[in-house]
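These come from Swiss-Prot:
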{"type": "BINDING", "residues": "Asp38, Asn40, Asp42, Glu49", "note": "Ca(2+) 1 binding site"}
{"type": "BINDING", "residues": "Asp129, Asn131, Asp133, Glu140", "note": "Ca(2+) 2 binding site"}
{"type": "BINDING", "residues": "Asp167, Asn169, Asp171, Arg173, Glu178", "note": "Ca(2+) 3 binding site"}
{"type": "DOMAIN", "residues": "25-60", "note": "domain 'EF-hand 1'"}
{"type": "DOMAIN", "residues": "116-151", "note": "domain 'EF-hand 2'"}
{"type": "DOMAIN", "residues": "154-189", "note": "domain 'EF-hand 3'"}
Amino acid sequence: MESNNNEKKKVARQSSSFRLRSPSLNALRLQRIFDLFDKNGDGFITVEELSQALTRLGLNADLSDLKSTVESYIQPGNTGLNFDDFSSLHKTLDDSFFGGACGGGENEDDPSSAAENESDLAEAFKVFDENGDGFISARELQTVLKKLGLPEGGEMERVEKMIVSVDRNQDGRVDFFEFKNMMRTVVIPSS
């Protein structure tokens, strides 16, 4: 039993960027992910759409395993997961892998929370900094946006404008401090 708990903690530490600890950010990000995965915009994510999205992210999942996991969350009569089903699946996965770590709020005054937040930001930065040089170039940003299936990745001019909007020192690329500043100043609409 102790070994199982240690394994969960180890997985949680290695994959801390998966955990979405702030409830308002969690809901916003989860809705955005749902919208990205719902390719035809019908309000449902089919097993096939989920499989395609995971493949684009480099997470090749066995279709039969995915089907057996996901189908139990699909309501009778629906063609796929609606947002509530998707949220339930996410919560179950979070509880299974991370002990429900995404449900709680963040305490900015807590030094360990601040360190985790910094670590999460560093992991997110590495996703975009594909060559590991410490900067996000327009080409790297475009590559990631395309992998995610986002239309913004289709036009380099649009990607360059995104870079310019956060590039405070005007060197044509985003460093980690500019990335952190951008992530911390994202405005989340209140409901």
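Cβ from N, Cα, C; glycine included.
What you are looking at is a predicted structure, and each value in this text was computed from that prediction instead of being measured.
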Expressed in Å to no decimal places, the gap between the Cα atoms of Asp42 (Ca(2+) 1 binding site) and Glu140 (Ca(2+) 2 binding site) is 31
Per the Cβ filter (under 8 Å) with a sequence gap of at least 6 from its ends, the domain 'EF-hand 1' (25-60) is approached by 66-67, 70-71, 78-83, 86-87, 90, 102, 147-150, 188
Not counting Asp38, Asn40, Asp42, Glu49, residues with a CB within 8 A of the CB centroid of the Ca(2+) 1 site are Phe37, Lys39, Gly41, Gly43, Phe44, Ile45, Thr46, Gly80
Cα nearest Asn131 (Ca(2+) 2 binding site) among binding-site residues (Asp38, Asn40, Arg173) -> Arg173
Quick tally, other C-beta within 10 angstroms, Asp38, Asp42, Glu49, Asp133; top of the binding-site residues is Asp38
Surrounding the recorded Ca(2+) 3 site, with Cβ no more than 8 Å from the Cβ centroid of Asp167, Asn169, Asp171, Arg173, Glu178 and those residues left out, we find Phe135, Ile163, Val166, Arg168, Gln170, Gly172, Val174, Asp175
Given the Ca(2+) 2 site Asp129, Asn131, Asp133, Glu140, its other Cβ neighbours within 8 Å of the Cβ centroid, in chain order, are Phe128, Glu130, Gly132, Gly134, Phe135, Ile136, Ser137
The most crowded of the binding-site residues Asp129, Asp167, Asp171, judged by neighbouring Cβ atoms within 10 Å of its own Cβ, is Asp129
For Asn169 (Ca(2+) 3 binding site), the number of neighbouring Cβ atoms whose distance to its own Cβ is within 10 Å equals 10
Cβ atoms other than its own within 10 Å of the Cβ of Asn40 (Ca(2+) 1 binding site), all chains, total 10
Rounded to a whole number of Å, the separation of the Cα atoms of Asp167 (Ca(2+) 3 binding site) and Glu49 (Ca(2+) 1 binding site) comes to 35
The average per-residue pLDDT within the domain 'EF-hand 2' (116-151) comes out at 84
CB neighbours within 10 A of Asn131 (Ca(2+) 2 binding site), counting all protein chains shown, number 10
